[in-house]
Structures are given as structure tokens and as C-alpha cells.
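What TrEMBL says about this one:
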| type | residues | note |
| --- | --- | --- |
| DOMAIN | 48-226 | domain 'Wntless GOLD' |
| DOMAIN | 227-496 | domain 'Wntless-like transmembrane' |
| TRANSMEM | 14-36 | transmembrane segment |
| TRANSMEM | 233-253 | transmembrane segment |
| TRANSMEM | 265-284 | transmembrane segment |
| TRANSMEM | 296-318 | transmembrane segment |
| TRANSMEM | 339-359 | transmembrane segment |
| TRANSMEM | 379-407 | transmembrane segment |
| TRANSMEM | 428-452 | transmembrane segment |
| TRANSMEM | 472-493 | transmembrane segment |
Amino acid sequence: MAGAIIENMSTKKLCIVGGILLVFQIIAFLVGGLIAPGPTTAVSYMSVKCVDVRKNHHKAKWLMPWGPDQCDKIRDIEEAIPREIEANDIVFSVHIPLPSMEMSPWFQFMLLILQLDIAFKLNNQIRENAEVSMDVSLAYRDDNFAEWTEMARERVPRKLRCTFTSPKTPEHEGRYYECDVLPFMEIGSVAHKYYLLNIRLPVNEKKKINVGIGEIKDIRLVGIHQNGGFTKVWFAMKTFLTPSIFIIMVWYWRRITMMSRPPVLLEKVIFALGISMTFINIPVEWFSIGFDWTWMLLFGDIRQGIFYAMLLSFWIIFCGEHMMDQHERNHIAGYWKQVGPITVGSFCLFIFDMCERGVQLTNPFYSIWTTDVGTELAMAFIIVAGICLCLYFLFLCFMVFQVFRNISGKQSSLPAMSKVRRLHYEGLIFRFKFLMLITLACAAMTVIFFIVSQVTEGHWKWGGVTVQVNSAFFTGIYGMWNLYVFALMFLYAPSHKNYGDDQTNGDLRVHSGEELQLTTTITHVDGPTEIYKLTRKEAQE
């Protein structure tokens, strides 16, 4: 009788397959650790204080901090007083990148973080719940002699969260507040060579705009972008893995359709998992090198969300289909309690992402965390998603416990079987447990490497060899889940080998005293597969 490949594969062959997958897993980690540079680079920018005394500030004029067309500059705010320069006439200008450098589409995205240098003054202290309002203009060009092209122009509010650790006395005037960094801007593509930011801090005492925010001395920005070298390694991995997963997925479904029965739920879910993995792997990012696709970050989040939702659903259904009881579970409706939290949590995170990165497609300075309503809304989505995740893991742990408990209970009947049959089913149970443990190991490795990448400095040095830990985490975990999906589709594809062909009829004859059933959810036209069947009698009793 035919079953899945994992049921008919010998332990030796299973170890060989596992060894080959382990070699590819090690290669995935080494590619990121030894070949790729760090995933991202952070660059600090200090704004230059330009003077713009035009009456109509809304008319487009781009103030350069340096170069042949540099603006009229002042070194500090105190210099503006004798020159009778008002706060509304000061523009903080930032050129990205630094002089003699260029941005590149290989950088993929650009994230800017804002740091304000605010001095303490007795007559100009930071009020409680103070909010700084900035008129920000963003422009780009691809040639040093070309005109700047406006990309965005917005009024950007940010709440100040500052503390002053010294006593608020006259002798401590001039010391700086300790302020939290603020999210400033995010764009999903770096399609141009040069970017220019002009930032104004308009003051209007009647409307209470920028009143009670202290004395802002300087504006600093930290730009974060993906390293071009890491991008090339990442694209190469996706290009290699896409045909690998696609070919095994087509092969798997072809073997399913060759059966004379319709596919069962577990087989459909494994195929859907392969589709979601292929969806992540397709290297559409190559097009971002030639096209200004600012939606790539949002698209990447959606692809990852679909895969993780599919993976969590697979774990639940995988456990349910091995529950070894008499309940019919060959329909997705039978898992609504477990799959429901996945659906609700995924939907909440999708709405949160649309409220953040979806809006940033038209306004790169937008952040849902800048307003009280936005913060409460974002926290509500995240809390609901967290609750759903906790419920899911409670269901999953309970189902895993039930599966192992039921297997242990069924093992007590194995001694009554013939020797060959007993050894066969002991091997099947061992392989099922092994696959469950591999799943837990993959999940644990993901968590462990994430924690390690967060607490380390980003690289380790052994002698003359530098290992990029963060890059190894990204490539290794990405490769691991691809190998996991590959192994599932290979091992759980229907086998064309009949188990009875390799054994004598006398050894495999099922006596009435040996009849026992693991589960009956996955059946062929000639009966249940070997891994789900020890026969029916005891389960029915």
C-alpha cells in the first residue's frame, strides 16, 4: 500500500536527506556571515542653518548647505540676534548623502531619525506635552548641476519627550535637555543620487505654534539604509531559491494529482505553504533597481504576513491531522477556533501596516505614533494581535501535548504485534516525533538568532575573519524556512512505493489481535496511509 515518502523511506535515506539539508543550512548562514556586509548602514547628518529673508517662504527655493550654490549661513542662533534674523527666516538644510558621495537604488530604502539639540533657558523652558511643528520640504536630483525637483512638502508635528537632569537654575542655563529621538521620514526606494531637506520651525505665538519648546540649537539626522553589498547577496539568494521551491512545489502537486483520490486537507495546506514561500521568494526587487517603486516595503510586509499566517495555520492543521482520534478534521472549518485568532491577528497587523506605510506612500514624513489618537489606535491593533498570538500558541501547545500523549498511549499496544510490523510502526512514530521536534527547533532558532542579533555589536571577529552576525541571521533564517518548506513537500509527497512489496506476506499479515488505529483522516482509495494506521479495533472500542 502506498503512503507518503517519509513513511516508506528508510532511516538511512532519511539521514542522508537530513544531512544534505543541513549542509545547505550551514551554507545559508555562511553566505550572510562571511560574504555579505552588514544589512544596514547608519550615517549622521548635521543640519546647516541657512538664512532665507524672503517674504514669501512658500515659494519654492532650495537652500544648499554647501557647494557652489550654498546658502547664506549662520554658525549658531546667537549670531542671528545682531543681524536681526527672525526664527521664521532660519532654514535647517541637510544634504543626503555627505559630500563626494552618491545614493544608490541598491540601498532599497531610506529611514531618517530626528534628534533635536535643545538648550535650557529659564525664560524659554519646554512645556508639558510640548509639540514641535516643522515645515519640511524634500527634493531630489541626479546631477550636481541639475535643478532640484520637489518630492514632498508637509507640515510635520512631533511631540517632544525631554528631561533636564540638572536643577533648573540660572547657572545651568545653556545645558542641553535629554530628548528622545523622533521618527522623521521613510521612503521605500532610493531611486535618485542626491536628496535635499529644508526644515523650518515657524513661530506663531497667537496660534501657539512652536511656543514653549525650548531653544533649539541644532537639528541632527541619522540616515539608515540597506547596504548595497547585502542587497546583492539577498537578491542572489532569492533568485536561487525561487526556482528551487517552485520546482519542488510543481513536483509535489503533480504527485498529488496522480492519485486516484482527491487531495486531503493536510496536502492542500502544504501546497498552499509552498505557494506562499514562492510568493516571498520571487525576486521582484530586481525591478526596484530601475524603477522608483516606493511601495516595495509595504509589499514585502504583505508577502511576509501571508507566509507567516500560512505557516501558523499549517502547524495547527498538522497537529490536528495527527491527533489519532475518531473526529473528522479533513475540512478547514474543523479548525475555526485555532485558525480564527490567526486571521484576526493578521488582519489587525495588516490594518496597522496600511495606516503606517500605506500613508507613507504619499507622505514620507507621516507616522501613526505622532498623535494621541494614532498612538492609541496603533496600540489597540498591536494588543489585539498580541492576544490572538497568545491564544494561538495556547491552542498549539495543547494540541502538541495531545498528539504526543496519544502516541504514547498507542505505543502500549505495539508489543502485541509481530516483530517486523512493530519495528515498522516504531520507526513511523519516531519520524513523526522527529519532524515535530525539527519544527520546534526551527522556531527556536528563529527566536534565538533574533535575540543574538539584537544584543551583539553586529559582527564577531575570530583572528582575521569577521563574521557579520546580523547578515547571517537574515540569510540563515530565510534559508532555513525555505529548506523547511522544501523538506515538507518532499517528505509528505505521495510515495509510489508499496510497503508490502519489500516484506513477506507472513510478516505483515494483520491479525485481529494487532488491530489498532492512529487516525483515519488521510485515506487513499485502498485505505489509510501507513503513518495514520495501525488498524481500527481498539480506537473504535
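Glycine is treated like the rest: Cβ placed from N, Cα and C.
No curator has checked TrEMBL annotations; they are predicted automatically.
Taking every recorded stretch in 339-359, 379-407, 472-493 and counting its Cβ pairs under 8 Å to the transmembrane segment (14-36), the highest total belongs to 472-493. By the Cβ criterion (under 8 Å, sequence separation of 6 or more), the transmembrane segment (233-253) is not in contact with the transmembrane segment (379-407), since fewer than 3 such pairs are found. Sequence-remote contacts of a segment are chain residues at least 6 beyond its ends whose Cβ falls under 8 Å from one of its Cβ atoms, and for the transmembrane segment (379-407) they are 312, 315-316, 319-320, 322-325, 337-338, 341-342, 344-346, 348-349, 351-352, 355, 429, 432-433, 436, 518.
For the domain 'Wntless GOLD' (48-226), the mean pLDDT of the prediction comes to 89. Only residues 6 or more beyond the boundaries of the transmembrane segment (472-493), in the same chain, are considered here, and those with a CB under 8 A from a CB of the stretch are 4-6, 9, 17, 21, 24-25, 27-33, 36, 39, 230, 233-234, 237, 241, 244-245, 248-249, 251-252, 255-256, 266-267, 270-271, 273-274, 277, 281, 307, 311, 435, 438-439, 442, 445-446, 449-450, 452-453.
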